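Pulled from TrEMBL, these are the features on record:
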- A:106-222: domain 'Response regulatory' (DOMAIN)
- A:261-394: domain 'GGDEF' (DOMAIN)
- A:415-537: domain 'Response regulatory' (DOMAIN)
- A:Asp472: 4-aspartylphosphate (MOD_RES)
Amino acid sequence: MDRSVASLLDLIHEQYERWRTGPPLDGAELARFFNAVGRTAAVIGRSDIAAEAERLIHRLNGQTERQWTAEEALMEMAPLLRCFYEAGKGASAIIPSSHCQGPKAAVLLCGNDPLFFAYVRVALQTVPWRFTTIPSLEQAAASMFRISLDCIIVSVKEGEWENPDLAVLLERAGQRPYLPIVIVSRDEGKEGRLKGYELGADDVITISAADELFVRVRRLIEKKRKIDDLVLIDELTGVYNRKYLPRVYARLRSDLERYGVPSCLALLDLDHFKQVNDRFGHLAGDAVLQKLAAFLRQHTRGVDTVVRFGGEEFVVWLAKTSKREARAVLERLRRQFAAEKVEVDGALLSCTFSAGLVECDEPDRPLDYWLRLADKALYAAKRGGGNRIEEAVREENGSSDEALRQAPTDRRRWRVAIVDDDELVRMMIADLVCKLAAEQKREADICEFDDGLSFLESPFYQSGRQSVVILDRVMPKMDGLEVLNRLRQERKPYKVMMLTSRQDERDIAHALDRGVDEYVTKPFKWLELEARLRRLLKELDA
Amino acid sequence: MALLVVTAAAVALFTLLSNLFLYLVVRKWREKRRQVRICAYKERHRLGLLRYLLGEEEQLLLPASPLEREAMIELLDHFAALLKGEQVQARIRALAEEHFQGWLRRRLSSRHWSERMNALFLIEDLRMQVMVPEMERLYRSDRVTRGEEAKLLAIFAQFDYSPVVAYVLEPKYELTEFAYRVIFGHMSERLLRQVEQRFDELPPAGKCAFVDMIGIRRREERSFLLELLASDELELRVRALKAMAEIGMKLEAARLEQHLCSPYWQERLMAARLAGKCREERLLPLLYERLSDRSFVVRSEAAAAIARLPGGRAVLRTAARTASDRYARDMARQWLRGEE
């Protein structure tokens, strides 16, 4: 870049910094500034810049009253910046018209060069890239693992090559599986470029070649995509990700075919993980995940495989292990992990996990089959209150497991509990449910209870199968809200409709807050009651 | 001789008592049997009745005995409380009017207070307008009691029966404020206007309840309330101010000042509450003065009002620091803390 043009850019940068720290500026001041830039540009022989400045001043005339923040002023002068970065030496526009699109990507812009970044943002408006700007290299290095990124563009000024923060940033980026780094520099010298490559940059672009930026960055992002597809390691926890599972299964299946030794697949899920995230934040959640992954790797054999299945679910695949042995191993892991502590911001957390276990002893089954069985067992473990291991139940005749087979027929029946102290109400609603069931050609199991306590003690409640519970708000012995609290606490899979004669809005909001699915007031509008009940029953099928 | 007399008396007393006991046992037994039979009937017929009321069935098995009739009307009453919607209510009313009119009429002219009162409740629940002439007769009779009067007038108000206006102005027995509230609460706007025109004829309790009802039912009676503010009666002024605060009616600063400086704390309290709703900055100095009122509730209400006005929080902050009166400073501080 021409020396004089570069110093004019520096001038603009300085002015921007002053605006940034000062109060909002008015249109007149901005116009004066553009005027000054235009005159200087004319003096150094850049009539294109001068003309653009003239145009900007003209545009400002329409809005003299307006107050500008530094950021707005910067965006306003984007066309001017475009002249600086593109029009030198007859360079072309940054995006060749033939390549207006590219892959979606998250790009981090870091370095103290707001003018260039403003130019990039505006020039690449049409490209589906999401930009994040962090001016400080140090901060960028610190936050790199918290945001998911596809590329980093670092702006480096002359004399900044030796900045230790730059080295740290590049080193950090190097620790990720693959994260392309592009350095943009005003330095035309070969030495700077070499230094950049040496530090680990994937590309070094000089400002005068800014028009090549889009194409070069896009190429790197596409390359990263391909590499990501090949990577089998989960970034956060360092164990395999689910893409690795088919390979594990292929290996264990051949063991089974050749030597007849089964393996055991266990699907693990952290208990109440959402609460950890909600209460302590996502960083704490990540720490717990890392802890579990490290713990599993450490306490399993070399031939076993640990895979992060997604979210807070892990697969532990124990090679050459029978169901009985696997159960013992998992019980041991469960006990030990419950005793482990994770430190988060000085607080000590302890977590438990539940697991569903299945013995893979039929080589003809696809991987999905085993995962589905393990998932069923895991669900049973969760339903049993968590912190436990459940084995998958399979029918001996081998067609498919019981749970899978029974589900569809079981689903044909609606299970409904009516908890109300008014006998007439129970009768009315039971009659309505029967009518709706007949309408859908279903059968309905209806249980009536005249107070909350007898409902909670009933086998209906304890079975914990999907059902609709119609609950009166005010009852003797145990209040409707209390019953609701209990069943929400125990995570029963019930759809709850609450009946009440209270019409207070706050009451209704309160009940909805506690997890009521429907709320109906007495006296009933019959058609409304019917419609709401129908909707709720239909949700049972979903 | 004396022994004989004593023995005879004892025997007589014993016979009397045992007869009484037997009578009570038998009565209880019969009552229980009656209840069991009523329950059984209700259980048998409730589904049929429900379907009939919902219009799903056109046939209804009518009660054949007095006992069944009683069971049926109990069921009907219960359904009336559980179901709303014009169609259902109309069907309930039609059924009641067709089959239970004679029975209810007999009950209304019963010698027993409880039977009459129960009949009134049923008429109210089932909204049996047909019974108005009978109720009118009861109201005019000498037998009517204070409780029945209140109930009758409340039902008349619900049924939008015009003569109720005259009855309310000159009740047979003095009505309590609560009774008036119930009656006015049920009255249609048309009837309320008629009462308003003859407001001066109302007894004091009625006046108070009437003014309260303006606030409760959010009736836009601005000029009426303004007139009341000039009343000589403290209670009416206080209630008018309260109603104004509830309907959110603005009052100019000069008039508010008059009430804010009243010698009665009740009036100052309500005036401060109203000032809080007016949201005018001009009121700030007036309310500021009230921060050092003699009465705690007025100070508190004034602080609440200031906090609501534009720029009020700043005033409270100043008061918390610089007010000369210690009570005013305390109150301002309390409010600032409450809001943080």
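Here the Cβ of each residue, glycine as well, is placed from N, Cα and C on the backbone.
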Task: Number of Cβ atoms other than its own within 10 Å, given for A:Asp472 (4-aspartylphosphate) - done: 24
Open item on the list: According to DSSP, collapsed to three classes, what secondary structure does the residue listed as '4-aspartylphosphate' have?
Closed with: strand
Open item on the list: Just to be sure I understand, if DSSP states are collapsed into helix, strand and coil, how many residues of the domain 'GGDEF' (A:261-394) fall in each?
Closed with: 59 helix, 37 strand, 38 coil
TODO: Can you check how the pLDDT averages out over the domain 'GGDEF' (A:261-394)?
DONE: 88
